[in-house]
Amino acid sequence: MARKAMIEKWKKEPKYKTRAYTRCRLCGRPHSVLKKFGICRICFRELAYKGEIPGCRKASW
């Protein structure tokens, strides 16, 4: 779980736009965030298994 101080800092508008970075909306994780969904890979996987992300299927080839 991300530190609460870092999550609060992330929510504020940065002084310069280049300082902005992605962070998971659910858990606050700063790494491996899928921009299309706005959540990290771990949260994405959990939601996909539950069927809460429409149109998402497990790959099989």
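We number each residue from 1, going along the chain as drawn.
The backbone N, Cα and C atoms fix where each Cβ goes, glycine too.
Cβ contacts within 10 Å of Cys27 (Zn(2+) binding site), excluding its own Cβ and spanning all protein chains shown: 14. Among the features that Swiss-Prot reports, Zn(2+) binding site is placed at Cys24, Cys27, Cys40, Cys43, with the record citing sequence analysis.
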Out of the binding-site residues Cys24, Cys40, Cys43, the residue with the smallest number of other Cβ atoms within 10 Å is Cys43
For Zn(2+), residues beyond Cys24, Cys27, Cys40, Cys43 with C-beta within 8 angstroms of the site's Cβ centre include exactly Arg25, Leu26, Gly28, Arg29, Val33, Ile39, Arg41, Ile42, Phe44
